[in-house]
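Asker: Here's a structure for you.
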Amino acid sequence: VGSTIGAGVYILVGTVAREHSGPALAISFLIAGIAAALSAFCYAELASRCPSAGSAYHYSYICVGEGVAWLIGWALILEYTIGGAAVARGISPNLALLFGGEDSLPIFLSRQYIPGLDVVVDPCAAILVFIVTGLLCVGIKESTFAQGIVTTANVCAMIFVIVAGGYLGYNTGWAGYKLPTGYFPFGVDGMLAGSATVFFAYIGFDSVASTAEEVKNPQRDLPLGIATALSICCGLYMLVSIVIVGLVPYYAMDPDTPISSAFASHGMQWAAYIITIGAVTALCSTLMGSLLPQPRILLAMARDGLLPSFFSEVNKSSQVPIKSTLATGLVAATLSFFMDVSQLAGMVSVGTLLAFTMVAISVLILRYVPPDEVPFPSSLQESIDSVTLRYSQRISGKNPETSTFVDSSQPLLGNKNVAVDCLIIEKQEAQAYWTLTEQNRRKIAGWTIMLLCVGAFGLTFAASNVWIPSLIRLTCCGVGGVLLLSGLIVLTCIDQDDARHNFGHTGGFICPFVPLLPIVCILINVYLLINLGAATWARVSVWLLIGVVVYVFYGRSHSSLLDAVYVPAAHADEIYRSSGDSLA
């Protein structure tokens with residue numbers, strides 16, 4: 001909760017209401033929350049099965065492959081780093097209100113415009129990022145304790161906004177909802193575009209998955225933490241949005257301090273100070289939650305050899321990847337010093353939505369075509385040999401048929417005229433037929449999942465771009481819809497893979513309504529991705545292109561897969577336990 005609440009309410013409410021959603025802001029939060037909830041179910045299953053610091057990067061690495069996983073990890077770097085910078089950028093205007101106004105901060109903390117660069121720098125944001133980075137380097141317990149304190153103040157402020165704002169709205173007649181422009185001044189498309197932007201407010205729950213290696217009981221605690229945090233945050237977002245949009249017309253909202261300014265416009269200056277204190281503490285908590293997962297993503301990628309080993313070093317005393325944390329803090333401080341939050345929010349949404357889409361695809365792959373083998377570093381060769389030997393002994397102990405139908409007075413190997421019972425031959429023929437059928441089932445499922453993704457992209461792209469000629473647009477929508485519906489029918493009719501019961505850590509959360517839920521999750525996330533706008537995609541494309549170059553010239557040549565040992569997926573969990581080490 002502390003990692004999530006803050007940015008969506010205290011920064012994006014004013015901007016999204018003014019430019020996209022209008023009075024329908026609560027619906028934008030609801031749609032984004034539904035998309036996040038679908039992803040949360042998928043995250044919960046994968047986090048309990050594969051608890052790793054890599055989060056969505058690790059799930060993609062296992063289910064899809066190294067190349068796609070690299071792009072997801074590279075997008076997550078963008079998500080968490082820029083997310084922290086965006087939150088830090090929103091603290092300074094709220095902090096200025098405590099000192100009397102926008103220009104009341106000391107000169108070394110206040111925002112300054114630099115004419116030569118045409119940017120507004122924010123020294124306060126950079127300083128706060130460095131402070132939080134230092135706190136995160138101390139240890140996970142210490143930073144969690146500090147976050148708990150500021151989150152308590154945050155929740156109290158939210159409750160005050162809902163109660164006091166509801167009382168004000170009741171007395172004043174909810175002026176924000178009595179406008180001639182109606183409930184959707186920017187249309188349904190504007191409301192959906194607002195959903196894509198406020199999706200940034202839900203990135204907190206997926207940060208829980210990145211701390212999986214620091215959770216005592218991941219099979220129970222990770223799904224519970226993800227579901228509870230998302231439910232609380234979505235409810236608070238919607239209630240606060242309903243109140244604030246009703247107090248002030250959307251076009252009159254302050255884009256930097258919408259909540260404090262809304263109460264101040266009704267003469268409640270003292271309430272504005274309480275809200276501002278809550279906003280500052282909430283944003284500080286969110287800043288900690290945004291910077292916490294990033295070093296752990298770098299840690300997982302460095303373990304796989306895709307980044308320098310510098311990022312995989314963990315401090316022995318604090319058990320924290322300090323070098324990765326310092327690098328993250330330095331980059332986030334630089335971005336928060338120079339960049340505008342409106343530019344940052346859309347870029348963060350791209351990273352979040354890409355990760356959520358890949359997590360949903362990974363659930364389908366895990367259920368229908370789970371990997372037969374998983375790679376292990378050669379350093380675990382001793383544990384691999386030990387587990388393989390135990391499995392061989394179990395198998396040999398469970399198959400006494402050989403000694404049943406063979407003359408015990410003759411050598412087992414060397415007698416070419418051993419009589420074999422005809423039932424065994426029939427059993428082997430039936431097993432060979434089943435193996436062929438199972439191979440076909442996996443091929444059908446694999447192609448269906450791929451065509452599902454193609455159909456989701458074609459349908460959402462055609463539906464979102466009205467400039468496409470009507471004939472081509474209708475054709476793309478029709479083909480995409482047929483692929484989606486056909487894929488849903490095929491995956492519903494064929495059996496899921498039996499190996500899914502033994503893949504990863506068993507006994508954890510199981511995502512319901514598969515394949516329907518992951519398919520809807522993919523469709524919603526892809527639609528939100530397409531509606532982010534060309535400018536956002538242009539900036540993100542440059543970042544992803546840089547990632548491809550880094551992977552081609554460094555990641556592939558240093559990948560741990562070059563000397564990996566592949567073992568059956570059913571042995572993986574026991575190898576992890578016998579090695580006594582949690583590896584990504």
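Residue numbering: from 1, along the chain as shown.
Cβ coordinates come from backbone N, Cα and C, glycine included.
Sharing the features that TrEMBL gives for it:
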type	residues	note
TRANSMEM	24-44	transmembrane segment
TRANSMEM	56-77	transmembrane segment
TRANSMEM	119-140	transmembrane segment
TRANSMEM	152-170	transmembrane segment
TRANSMEM	182-203	transmembrane segment
TRANSMEM	224-250	transmembrane segment
TRANSMEM	270-292	transmembrane segment
TRANSMEM	344-366	transmembrane segment
TRANSMEM	444-464	transmembrane segment
TRANSMEM	470-494	transmembrane segment
TRANSMEM	506-530	transmembrane segment
DOMAIN	509-559	domain 'Cationic amino acid transporter C-terminal'
TRANSMEM	536-554	transmembrane segment
Asker: Do the transmembrane segment (270-292) and the transmembrane segment (56-77) share at least 3 Cβ pairs closer than 8 Å, excluding pairs fewer than 6 residues apart in sequence?
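Answerer: Between the transmembrane segment (56-77) and the transmembrane segment (270-292), which are separate recorded stretches, there is no contact, as judged by 3 or more close Cβ pairs.
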Asker: What residues elsewhere in the chain lie close to the transmembrane segment (56-77), defined as a C-beta under 8 angstroms and at least 6 residues from its ends?
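Answerer: Non-local partners: 43, 46, 50, 206, 209, 293-294, 297-298, 300-301, 304, 306, 350-351, 354-356, 358-359, 361-362, 365-366, 370-371, 374, 540, 543-544, 547-548, 550-551, 555, 559, 561, 584.
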Asker: Relative to the transmembrane segment (224-250), which of 182-203, 344-366, 444-464, 506-530 accounts for the most Cβ pairs at distances under 8 Å?
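Answerer: The stretch I would name here is 182-203.
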Asker: Can you work out whether the transmembrane segment (344-366) touches the transmembrane segment (152-170), with the criterion being 3+ CB pairs under 8 Å where the paired residues are 6 or more apart along the chain?
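Answerer: Contact between the transmembrane segment (152-170) and the transmembrane segment (344-366): absent, because fewer than 3 Cβ pairs are under 8 Å.
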Asker: Can you say which of 24-44, 152-170, 444-464, 506-530 has the most Cβ pairs under 8 Å with the transmembrane segment (182-203)?
Answerer: 24-44
Asker: Per the definition of 3+ C-beta pairs under 8 A with sequence separation of 6 or more, do the transmembrane segment (24-44) and the transmembrane segment (506-530) touch?
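Answerer: Yes, the stretches contact each other.
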Asker: Going by DSSP, how much of the domain 'Cationic amino acid transporter C-terminal' (509-559) is helix, how much is strand and how much is coil, in residues?
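Answerer: Taking each residue of the domain 'Cationic amino acid transporter C-terminal' (509-559) in turn, the totals are 40 helix, 0 strand, 11 coil.
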Asker: Average the pLDDT scores across the domain 'Cationic amino acid transporter C-terminal' (509-559) and report the rounded value.
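Answerer: Here the predicted model's pLDDT, averaged over the domain 'Cationic amino acid transporter C-terminal' (509-559), is 89.
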